[in-house]
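Heads up, the thing below is written out as structure tokens.
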């Protein structure tokens, strides 16, 4: 019996048809289809078409109460309904490219064709036409007050125009924009693309037919058919199914089947390009070939499947290459041993043509300039968007916090040769120039920890050996600039392509952990400077006191001899001898200043500033995280949610600045320089290259400059690779050589001005990218907004650094910002960047969490299907060890060797090729470019050998290929044909 049902054949004719149809070149993509299904219902003595369901991408149906739409859900169809639909298209009327301008004319044309083909009796013409031209009642959402108003109008006997009058009014010449003006206000239109077209499905049962009346119509041009559709979208397709009474449920399922097919990406293309009936049937066969059947006893059909967060792309299904596989059975159950979809190898590691080695002098630099120059105007006018404002505020606060922090540390390390003022000026100058002329303006420049340690060691070396620090530093900067130019001229940046995810994740995770740990350390420092008084007991408050006692006479004599008494009368205390002071009236600071001693159990009491600081710190972080995720919530309209998400950091900062002002505690505040002058009085703004150091210093500085160059090269280019990832969908290209060129120029400029050196800041750059991400505004109901890319422009970076430069004039405003609030911003940037770098589903962080998960609770990651878990754990363990070594290294004096250790990661990754197979590395990391070439050569050799063997074997292998492409093509069961209403 099975031999009558299932036929083994090579490639089916349907697959051949589909390959031919979709293989035709067509530059214009087909419009998105909005599908509406109306069912015929009895309203008193009148018949009417009532909207029962609609599709943009997912199904929405009118609930049984008729008051509301259901949540969007994935359409679940019975296999029986698809077979019935196939039979309907085989036996019904199919009209393609009909010249239609109104619904009555289209209906007359369909009826006429059915009569001509002997499928319909002429006596039923009027009845069919009468039914098909009944009014259409659409499901609309009305507010409660509007419904009450309608009830009042109804009770008052007011008449309202029925929707079916729209197309009749249009037929007598009334413009469509006047007719559908109220519909234009429909919020549902925002979910439909502007160029969308409609597909209308009409199903119902009547008592005057003894066999189904079926028609599928494709209009030559999309036409607005009055009130046929609930939204003003022109109709392109029309499916009609009228049948005898008693099978309404079956008709409804067939209507849902054709509606679901019409919003399927592949079938909709077939419907637009079909030349005859057989092409449509071939499209259904392809759909059946990919259908997944769920056992009825293991699943409840009443369950509505939520739309997935990520819908699989239809590009593969549409491609001609994939259609060559339509002749294969669905899955590997056929025993052919072919690879299923989830067994395909991951995409190869590619960084683009920007890192190709040209072999010409400055070849890469000229290509970068040629690539970026056409985009230069758009880099400015595309920045005029409200999203840019939130990005500027976010990155600006991060930059000034970073500048103050590193400026203070630099001041301590270099005896104020470089301080907060130099840090502000250097950040503003370097950042503005880089964002204006670089190849990737989304990168943010900043000082880094290894540079700080290098500056500290260099200052100590200069001080101990009697060498002028600023002049030595100038020559190191000049040599480093020249070395950067040499790297640019020789296209040395191409070695970055050997950095796989192993290196990227190790480097970026380290930087993120540094940000997180620094934010926590600074916050914990508040508990050291403002300790909580744990011994305070409210019941004994009367016993608490603190007195200032005068020193003994000998100490007074010593104090009077060492500290001269001021001669002016600015204070009554200063005009008296130290022995005449009233010590009980002195403040705590004055008591210590004049040599007194504090006695009492409240002398060390400090208000709970540490607790308040922690509230500001953690509150800023948690509120930012919550508001950032607010765009995924169910509350408020989409635009408002997105606006709140974009300005989440600004709102969190303003909230806790206001809370700090409301409480009034003296929490530590942001301190910004107020005068434009060097931090150290005995230095100027220009560093002279000669005159203070021996001549050999100018040449010997080449050695430390080489270490700085390695540091800058690795830090800059790894950060650039992370920013330029293909997952960010950057469309304007990148410029690794151009970026390094300007970093070298700024090295020399900052050295002459005595300013800190700057390089790409990984964490702040990732935060910049995240704040400028764009998502689709129009999405189908139930569909998640699609990530479109990043708003690539130069304006936000330029504004950030200009604001940083003028911050000395904003000191009266910035002084109200508590430092714990900025520490909270630092913590968010570190955590967000740690999440931002994990763009792969099988990322470092996800693999770490697998250590703590039992196997049955582990996510269904693709790599777990192909790589043994013990191998995954071993690879992750190697990464953890490398990260731990880098962490220990950066915490010691050896942190100056940090760039060399980054190069060491490349060596470790190379050694992993001897431990792991290339198959495993392809899934959990990337295959090194050299391995790709070897594989390509091997494949090429295999192909050559295959060609030689084919010449010898002739056509023998061709027959085997045909057997290999066997497809199990199942026809309808004989029992099903008896149940089909069509």
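Even glycines carry a Cβ here, placed using N, Cα and C.
Quantities reported herein were computed from a predicted structural model and do not represent experimental measurements.
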Where TrEMBL places transmembrane segment among the ranges 521-545, 546-570, 571-595, 821-845: 821-845
Which listed span TrEMBL calls transmembrane segment, if the choices are 335-358, 359-382, 431-454: 431-454
The annotated transmembrane segment range in TrEMBL, which must be one of 715-734, 775-794, 795-814, 855-874: 795-814
Mean predicted confidence [pLDDT] for the domain 'Band 3 cytoplasmic' (32-157): 81
Long-range environment of the transmembrane segment (795-814) - Cβ separation under 8 angstroms, sequence gap at least 6: 379-380, 382-384, 388, 391-392, 395-396, 399-400, 403, 421, 424-425, 427-432, 434-436, 441-442, 444, 670, 672-676, 768, 772
Feature contact check the transmembrane segment (391-411) with the transmembrane segment (695-714), CB under 8 Å, 3 or more pairs: no
Secondary structure tally of the domain 'Band 3 cytoplasmic' (32-157) (DSSP, helix then strand then coil): 50 helix, 36 strand, 40 coil
DSSP-assigned states of the domain 'Band 3 cytoplasmic' (184-301) in counts, ordered helix, strand, coil: 50 helix, 31 strand, 37 coil
Recorded stretch, among 391-411, 609-627, 735-759, maximising Cβ pairs under 8 Å relative to the transmembrane segment (474-496): 735-759
